[in-house]
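Asker: Structure below; questions to follow.
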Ligand SMILES: *Cc1c(COP(=O)(O)O)cnc(C)c1O
């Protein structure tokens, strides 16, 4: 019998220990690996973190409370957490060429909240804290909200509209950012599907926002952050970029110059688990002037730091500094463009007609189906995507008319241009075979034999590209 490698021993042993307490959890963890291995994952926001990243999270660093910042904690005995946090920040700064990095945020939403409060605290005198600190933020009445906003000068935020690819945390009502700010959206030029910078400038001049937010979850093109900074400067706004989705492309040197947000924004937020391929988490980068406010993230809006996750972030940032990561980042885009080509050549309509980044947005309207129907039909055929609104979506944000696909995860597995063309074919075949049920935006018919055949083809396509090849659970 061949000797087991370190990763296999580590994960097998960890599962044995977990199984001794609650076997169902051990089984679910093991099953998740099997399921991930078998699924053709085109979800643009997901990826596969390395074994080193995963293992850095499963330990006693988790036991430590460490509110505050490096060297200035509200708890004793944080010497090891200090090392973890400073090494993570050091790698993060070097990776992105950023003057300052705050690696505590637990998620992308949290990173945005830290950034918003930092911006507001930096711009506005803050007598509000005394009055509201003993209240739960959700308990405030509308009148109190108005007062709180007034304390901040009734601040305005200009962000990308949801149907153009913006994110809920960019000032929309279901997220607290929509309660903190009066939001106005900028969108895309209907003719090109790309950001209309002239309209953005006009809107900024008229609305006079305190904050302009760049960044997106479902926009398939590069964004000219240099131009957006000029607009922000012209109206005196703070320019924030949320690079949650495309941080890996910035880290890997795909987005440079005008398209690198770190060079142009006052403050940049990110997740660490999407194209960056780290643990679930967030981070904030900023100019030194904003750092003291960013450092107040915990306890302003964050619970105690997660030292085990910061350890995993340090590993992920270190991995992303290697030359292989730049190759990976470039391949994400090459694959995404190959997928777009493959779809276009089969007559599938794409928002903006193509892609410059890791994602492609399909307009499924010409197939006579909704995004909801397309998403389920593809899932029934073994292809995991998600539905997404498209600009001026006639089916709204729930049913939608779009399907978002992304290549970071499959590129991590090693799939390339040839496989992207095959995947385009599978997607096209399923969409063309899906018939909406009379009068329904959710129900549809799809020949089960066809779904089964596509599903088998998807599995065959993945076979030469094993996921976590170094991990053998036995
Ligand atoms: C995914 C995403 C977030 C939220 O990240 P979470 O870690 O899920 O909180 C925020 N902003 C953008 C643009 C995103 O795409």
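Glycine too: its Cβ is placed from the backbone N, Cα and C atoms.
Keep in mind that this is a model prediction, so the values were computed, not measured.
Just lifted these from TrEMBL, have a look:
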| type | residues | note |
| --- | --- | --- |
| DOMAIN | 20-122 | domain 'Serine hydroxymethyltransferase-like' |
| DOMAIN | 155-427 | domain 'Serine hydroxymethyltransferase-like' |
| BINDING | 162, 166, 167, 168 | (6S)-5,6,7,8-tetrahydrofolate binding site |
| SITE | 273 | site 'Plays an important role in substrate specificity' |
| MOD_RES | 274 | N6-(pyridoxal phosphate)lysine |
Asker: Out of 162, 166, 167, the binding-site residues in the record, which is closest to residue 273 (site 'Plays an important role in substrate specificity') when you go by Cα distance?
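Answerer: Out of the listed candidates, the nearest Cα belongs to 167.
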Asker: Do you know offhand how many angstrom separate residue 162 ((6S)-5,6,7,8-tetrahydrofolate binding site) and the residue listed as 'N6-(pyridoxal phosphate)lysine' by C-alpha?
Answerer: 19
Asker: For ligand 1, pick out the recorded positions 166, 167, 273 that have a CB under 6 angstroms away from one of its atoms.
Answerer: 167
Asker: How many of the residues that make up the domain 'Serine hydroxymethyltransferase-like' (20-122) does DSSP mark as helix, as strand and as coil?
Answerer: 60 helix, 9 strand, 34 coil
Asker: Does anything in the same chain, at least 6 positions from residue 167 ((6S)-5,6,7,8-tetrahydrofolate binding site), have a Cβ under 8 Å from its Cβ, and if so what?
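Answerer: Listed in sequence order, they are 160, 215, 216, 217, 242, 244.
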Asker: According to DSSP, does residue 162 ((6S)-5,6,7,8-tetrahydrofolate binding site) sit in a helix, a strand, or coil?
Answerer: helix
Asker: I'm trying to understand the geometry here, so how far is the Cα atom of residue 166 ((6S)-5,6,7,8-tetrahydrofolate binding site) from the Cα atom of the residue listed as 'N6-(pyridoxal phosphate)lysine', in Å to the nearest whole number?
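Answerer: Between the alpha carbons of residue 166 ((6S)-5,6,7,8-tetrahydrofolate binding site) and the residue listed as 'N6-(pyridoxal phosphate)lysine' there are 16 Å.
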Asker: To the nearest whole angstrom, what is the C-alpha distance linking residue 274 (N6-(pyridoxal phosphate)lysine) and residue 168 ((6S)-5,6,7,8-tetrahydrofolate binding site)?
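Answerer: It is 17 Å, counting Cα to Cα.
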